[in-house]
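Chemist: My questions will all concern the structure given below.
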């Protein structure tokens, strides 16, 4: 808003503007809520001058004694003439109303005053001392909540970009009172700016169930509690949905379009609007804050210990059946497995996916690769293991089906890929996300925030797969999705594990893999295990080590594909089908791999000769050297530094050191 436009707006919404600004006090009472709704507020300190008795603003040069006698107000700053500044403070019935929290050892009261006033537009909320321990968390962890709000606005931007023709988020927002622009088009460059403003509101909504501010609005009724709507309406300033601040305007169009994010963000409006307008016709709530807090916690993925309870919706038959069940059965963790509704699929989906990824000239390398890709995408085989040589195209065996799944408009599939080492993550994510065919993100995002509704494939390492937080989220997937997105069309797709033989061969890491046995494999559409060096004995032992049945007794050749029987028992109840593409006399057409087996007297010397020859011909190339022991890794790295720029890593390094090496490889 231009300075001239702002001054016109100030005068139009404050009838006594001229006379009030001629007041000698720096602090001036203003009854216009519209002015405070439309112009950014700030918190300033004021004091009463002993000599003149006037209210003056505390400036940097004001003496220490004046600051000690000061008090704080939420104000709108206005300019009188060229160099004179006045501050307007909002008042209702009482002049110079002072409300808000009591002093705290954690926070100065102005911060909470500003947060509560801006979010709820309420002047009568009171906090007790216990609330300060909760409210202080925002300022102690502000960076964390800032990042959460950034991601919420990024989600808004993604939705708006996908629907530029009907989304008001890509147009200029206009204040419905003054008709002047408030926020221009939401852009990537402004997400962080607005995210900082959204963070306090998000914090309050996430923690509102821990605060005492709404406890006074509970009216006891026979057998249950209900919101005292009359008292709430007296305390809350009546606002229209269109008079909210810009963070709610951002999602206004999406709410009209019934978008999932907008539906969740609408809880911010419900807090400030009249709750339960018609009393008896509205649903009865345990607490006013419970619904709001629950919805936000679920959508933002902060419910690591959350388990949905459907006890309130169970019918009489369910209760009787539950009481009749044996105690032994009750102690077991029951897994609900069922036939999943299959979306229409065809072999043409794979061909279309290949052309998206590689261009119109795409062709499969051989018939084996074609048939196995169709097996993974089309067949009901719940668990598949593939052994193929390096360079054969194992990645495409699941990459193309994932792209085909992502093309299904009536269902959203979320898949997971796990690799053994951190150093493989960056390149893997780049490869799988090229050409924008898939939305790829780290598994750490899923663990920390939950499903964002946008990502098609999460990529992580074995440690992520074994973590308790990951297994808990998968176990509660269907309940969380149903509560968060209010649909069953967001499904778990593939669980893909690369180089799965490491579960058996890496003895020193086996203690880290124990948590994988707690994973609910039945929740996934299909499990895919890949390796270049996993003979049947190793593959069978590796699968059993993570809690699966193991390989089918009879090894399946690639030419013996057939559909499996009914899947009602779940993925973990069936043996894994093994497809071996490495045969003694087969000639697999590898596109870019040249393999040589050599017996030499000194392996390090021979390896050094090969590397020197390689970099002489191709100076920009890179090479990976695998050593048999950790000591040999460090020795080779030290001795070869005079020839090459070396980045080295082995399993005994800590996470921090691995991260440094990972960055070095990416660089």
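Just so you know, glycine gets a Cβ as well, placed from its N, Cα and C.
Not my notes, these are from Swiss-Prot:
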BINDING   388, 389, 390, 391, 392, 393, 394, 395  ATP binding site
DOMAIN    375-552  domain 'Helicase ATP-binding'
REGION    321-345  region 'Disordered'
MOTIF     498-501  motif 'DEAH box'
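Where in this structure would I find these features, and how exposed are they?
Modeler: Residue 388 (ATP binding site) falls within neither a helix nor a strand when secondary structure is assigned with DSSP, and so counts as coil.
Only residues 6 or more beyond the boundaries of the motif 'DEAH box' (498-501), in the same chain, are considered here, and those with a CB under 8 A from a CB of the stretch are 385, 394, 417-420, 424, 529-534, 538-539, 542-543.
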Chemist: Provide the three-state DSSP residue tally for the motif 'DEAH box' (498-501): helix first, then strand, then coil.
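Modeler: For the motif 'DEAH box' (498-501), the helix, strand and coil counts are 0 helix, 1 strand, 3 coil.
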Chemist: Test of understanding: give the count of other CB atoms lying within 10 angstroms of the CB of residue 389 (ATP binding site).
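Modeler: For residue 389 (ATP binding site), the count of other Cβ atoms within 10 Å is 16.
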